[in-house]
Amino acid sequence: MSMILKEIRMNNFKSHVNSRIKFEKGIVAIIGENGSGKSSIFEAVFFALFGAGSNFNYDTIITKGKKSVYVELDFEVNGNNYKIIREYDSGRGGAKLYKNGKPYATTISAVNKAVNEILGVDRNMFLNSIYIKQGEIAKFLSLKPSEKLETVAKLLGIDEFEKCYQKMGEIVKEYEKRLERIEGELNYKENYEKELKNKMSQLEEKNKKLMEINDKLNKIKKEFEDIEKLFNEWENKKLLYEKFINKLEERKRALELKNQELKILEYDLNTVVEARETLNRHKDEYEKYKSLVDEIRKIESRLRELKSHYEDYLKLTKQLEIIKGDIEKLKEFINKSKYRDDIDNLDTLLNKIKDEIERVETIKDLLEELKNLNEEIEKIEKYKRICEECKEYYEKYLELEEKAVEYNKLTLEYITLLQEKKSIEKNINDLETRINKLLEETKNIDIESIENSLKEIEEKKKVLENLQKEKIELNKKLGEINSEIKRLKKILDELKEVEGKCPLCKTPIDENKKMELINQHKTQLNNKYTELEEINKKIREIEKDIEKLKKEIDKEENLKTLKTLYLEKQSQIEELELKLKNYKEQLDEINKKISNYVINGKPVDEILEDIKSQLNKFKNFYNQYLSAVSYLNSVDEEGIRNRIKEIENIVSGWNKEKCREELNKLREDEREINRLKDKLNELKNKEKELIEIENRRSLKFDKYKEYLGLTEKLEELKNIKDGLEEIYNICNSKILAIDNIKRKYNKEDIEIYLNNKILEVNKEINDIEERISYINQKLDEINYNEEEHKKIKELYENKRQELDNVREQKTEIETGIEYLKKDVESLKARLKEMSNLEKEKEKLTKFVEYLDKVRRIFGRNGFQAYLREKYVPLIQKYLNEAFSEFDLPYSFVELTKDFEVRVHAPNGVLTIDNLSGGEQIAVALSLRLAIANALIGNRVECIILDEPTVYLDENRRAKLAEIFRKVKSIPQMIIITHHRELEDVADVIINVKKDGNVSKVKING
């Protein structure tokens, strides 16, 4: 592909908000730190050429916070200049292609098609040819032969045929499984034929029984109609009898209620008359009692007003007695004090005592300070001795501590490696355990049987759906019948209660016509009940079938879960085995690193422990030395000694005991004077309080005296009231009784009302007694006998039960016939399916044989081998052309059919492993360029390498840079890298760096 990149512009493409890059011929190095946005440049080139693939999300390329993206790419192919513009804004995308400055394609699909034609490659071939992925060269050097073959096959697209081969294998297996299932089903054909013959015989027998039961049913129906007619006559007689009985009960209840009402009226009248007489006898006593109550209330009200004054007077009297006692005690205390003669000079005496206490306290504090300073001098002498004894150990400790820092760092690295090793070993054990467990769990799962069961359940679901539809229809019919039954019952109830007019047509009706209508509707009702029972029976049978099917269908979820579980576990096993391989490789690498941390046969952690042991031995001396030096540096020894001399001059002749005795004496005198002062103040306050209380008490005396007089009068009036209270209560109860009866009847002139009401009720009682006599006469005329009715009803019920039993037998036989017919139809259909399966088996057998032949063509020994043979000489040719540019002392590079590289040297044939590091890189790069040329079919003019130096050590990076310098056959080589070594070989350097979240580009020619 003779394409040369010339320029790209990016607006809002990932971290490139506004970047423009011109590409020159030669080696172009795009250099920047990881995450700077250098790889995004190639992504923009790829997007410009091939656009958005399937399931592409523009949010992945648009700069965060922006809504649009714009990429413009200029390139040259076969002397023609092309410009592609791709943009996307707010949900709408667009593309344009220009050839030599003129529009060439203006829609996305047209541009995509034109680019494929111009370049001669699609997006996948582009990636496999001119674009060399990150670390691909370094990785190729470390691959095993089988992995190298796989990698080259993938680049050439041969692996797609292997995928077809594998996929067709899966398809063949599916068809083979289908064949096995068909053969399994055909094994049942003979059984179905025998079962069909048996069902036909059973159907013939059932039809004979149905004819017999129909004859029996007709006979019983005639007998039932005769007994039903007689039964209906007695039912009508019972209805009429019960009607009059109910009316008789109603009249008796009404009579009883009226008699009760009469008794209550007579009782209330007597109560009113008696109450009037009692009130007239005791009128004077009642009025006097009410007058006394009013007077007592007034006195009690005044007493409540005076009570607080009365209580205050008593309280103040008590307080006077207490204060007089307190004054006597205070005077007695003052007369006993030793300072009673100096009462006027107490404050002067107190100040002198306080000054003396302060002087003695100062001497006491100086004595304590002197003691502490002498102890401090002793401490200084002690720490001087410690410094001399511990200095040698302190210096040894510092030497060991320096070593400990060095070995501590090594030990941390060593322990980290050990922990990694332990973690990896644990992961290996866990993975092996999990793999074995998964293998054990899947061993007993028969996946083929599960799939067969799931297909059978799908068939049962269809049967269930049909049954449920049938049940819904029957339930609708049930609703219609129940509505009709309710209607008939309502008509019957209305007919039983009717008197004179038909409830349906409102025309006049006699008893005979009424009974005729009742019988007609009862017959209709019985027919509906029979129909209702037949439908309910059919619904119950359907529900049994539904329940049976649901139990089978309920197994589906478990089977699906089991199938999913099996497939998941198989996937897990493959994934875990790959992880196990990686962990074992990591373990080998870590074991090599660990050996570097053993010095003279001893691990660094043990050496560190020895050092720590010695440090612990000297640590106490080290700490003592530091503490002593720190303390001696912090104290002023000379100042302390001067202060001692100063204090000794001041406290001469004093000691602690003398200070204590003098202070106790002075403080006792101080307390005595303060107590005397407090008592004098208290006496003054008490005398003042005494005068105040005496004045307050004299103001309360008049009301106190009034309270005592009223209390005496109240007692006298209450005694008179108590003598009249019984008569008052009797009168009150009589007044209340009359008021209650007035409220009860809501009448003021109650005696007249009650007399009139009694006459009215007596008249109503006579009317009810006459009606009861008429009803008894009608009951005698009906002449209803309950025992005779019961006998006829029993005959009716027995005959009806017999009729129902025969109908049920008939229904059972008819149901059996229907089931047999369905079974026969089902078996015939099944046998027809068997015939179709035999034809399908024949077709499938031929088709599987054909697929297997086609599959072998796509296999490794088929078309894949042909492609490898075709590509090998072509790649070998381009390989030698590229390799010859490096001026290495080899005559020829051979490529085997398995894509193994052999280098022919003067002294023999060498493999890639026999070459030096630089020679290996030259071979790998030459092979990669040769594959690109072979894919495109002509000379590659532009190649892009993404991080080719990743995974290479410093030496190999330098050799790769030198190899790039020698490549002359490729006009344009674009290298994306973060290693600065490649700057020396580049013709153009494009530096990419991040400024915040935005990529900035700078070109150095």
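Positions of Cβ are set from backbone N, Cα and C atoms, glycine also.
Keep in mind the model is a prediction, meaning the values are calculated, not measured.
As recorded in Swiss-Prot, the features of this protein are as follows:
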BINDING   Lys14, Gly35, Ser36, Gly37, Lys38, Ser39, Ser40, Ile62, Thr63, Lys64, Gln134  ATP binding site
COILED    189-230  coiled coil
COILED    292-321  coiled coil
COILED    346-379  coiled coil
COILED    404-498  coiled coil
DOMAIN    457-554  domain 'Zinc-hook'
BINDING   Cys502, Cys505  Zn(2+) binding site
COILED    523-600  coiled coil
COILED    656-692  coiled coil
COILED    800-834  coiled coil
The recorded stretch from 189-230, 346-379, 523-600, 656-692 sharing the largest number of CB pairs under 8 A with the coiled coil (800-834) is 189-230
Under an 8 Å Cβ to Cβ limit, what residues of the same chain, 6 or more beyond the ends of the coiled coil (656-692), are close to it?
320, 323-324, 326-327, 330-331, 333-334, 337-339, 343, 346, 349-350, 353-354, 356-357, 360-361, 363-364, 367
Which residues, given as numbers and ranges, are at least 6 beyond the ends of the coiled coil (346-379) yet have a Cβ under 8 Å from it?
339, 631, 635, 637, 640-641, 643-644, 647-648, 650-651, 654-656, 659-660, 662-663, 666-667, 669-670, 673-674, 676-677
For the domain 'Zinc-hook' (457-554), how many residues does DSSP put in helix, in strand and in coil?
84 helix, 2 strand, 12 coil
Which of Lys14, Lys38, all binding-site residues, has a Cβ with the fewest other Cβ atoms inside 10 Å
Lys14
Going along the chain, which residues six or more apart from Ser36 (ATP binding site) have their CB under 8 A from its CB?
Val992, Lys993, Lys994, Ser999
Close in space but at least six residues away in sequence, with Cβ under 8 Å from that of Thr63 (ATP binding site), the same-chain residues are Asn12, Phe13, Lys14, Ser15, His16, Val17, Val69
Secondary-structure category, per DSSP, in which Ser36 (ATP binding site) falls:
coil
In the three-state scheme derived from DSSP, which category covers Lys14 (ATP binding site)?
coil
